[in-house]
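Colleague: One structure, as structure tokens, below. Some questions next.
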Amino acid sequence: MIRRQHMEAQSNTSSILAPDFLLICFPNYQTWQHWLSLPLSLLFLLAMGANATLLITIRMEASLHEPMYYLLSLLSLLDIVLCLTVIPKVLAIFWFDNKSIGFSSCFLQMFVMNSFLTMESCTFMVMAYDRYVAICKPLQYPSIITDQFVVRAAIFVAARNGILTMPIPILSSQLRYCARIIRNCICTNMSVSKLSCDDITFNKLYQFVIGWTLLGSDLILIVLSYSFILKAVLRIKAEGAVAKALSTCGSHFILILFFSTVLLVLVITNLARERIPPDVPILLNILHHLIPPALNPIVYGVRTREIKQGIRNLLRRRL
């Protein structure tokens, strides 16, 4: 009897110290998971391959050793980390029914998703400033946008978003949990914290304020940058100069527009969660961590002549 109580006490202690969560993807359509895994795995391979190719090309081609391409490399690194944080676990659930995720792993994934998403938004903002200086102050561009500027910008991107989003998983990890089944494929803050027995009002409020402050301020600065760019471009009188100026920031604008649109759709579907099937926000959340990383290097590779030439040179050397 004493031994049994001792074993139960050990079991309870271990469950408190290292509780696991269960990720239930698409609760209403679990039979779809095997079919969905095929396009997701193809997109994942595309995202990894395209971003790796872009990074190697920029690294190997001396002509691409410029601040604009260094910022693009930073964006690719963020995309790779986001993909590796989310998609392998989702595919493990689909293929091997590996639904368990450790307590620490869950909150680590939550931190990476929150911080790197805002880092990506901040990188777009820095890239918009780069295009603003290139078009509105071309003579000052070499003295403003330097390698040192890129280093300082990367430190700012990492520090601002890492520090301000860190309390989100910390607050969630301090809660007492009454349940362990997360109705999602990933450890989002709201999906996890709503399983708690405690009041999560402050948790939700902090994520809401920080999320909209970081993403909102980035979006405002991006819009301002492109407003100044458009104003400057419309004053250009030389023939063909307008098209050339707009083409230099066309790829960047397309990526920002897509990133913002997907994020906006995700926010709207989460707000209207009661009116739509619960599996729709789950799918959109996964796609938001997969489609932009797959598209970013492709859009730049297709639209940027220097990158296309760099890839050709790289292939020639390898062949």
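The backbone N, Cα and C atoms fix where each Cβ goes, and this holds for glycine too.
Annotated transmembrane segment per TrEMBL: 35-57, 69-95, 107-129, 149-170, 205-229, 241-268, 280-302, in sequence order. The domain 'G-protein coupled receptors family 1 profile' annotation in TrEMBL covers 50-300.
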Colleague: Any chance the transmembrane segment (205-229) and the transmembrane segment (149-170) have 3 or more Cβ pairs under 8 A, given the pairs are 6 or more apart in sequence?
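Modeller: Yes, the transmembrane segment (205-229) and the transmembrane segment (149-170) are in contact.
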Colleague: So what's the average pLDDT for the domain 'G-protein coupled receptors family 1 profile' (50-300)?
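Modeller: The predicted confidence over the domain 'G-protein coupled receptors family 1 profile' (50-300), as a mean pLDDT, is 89.
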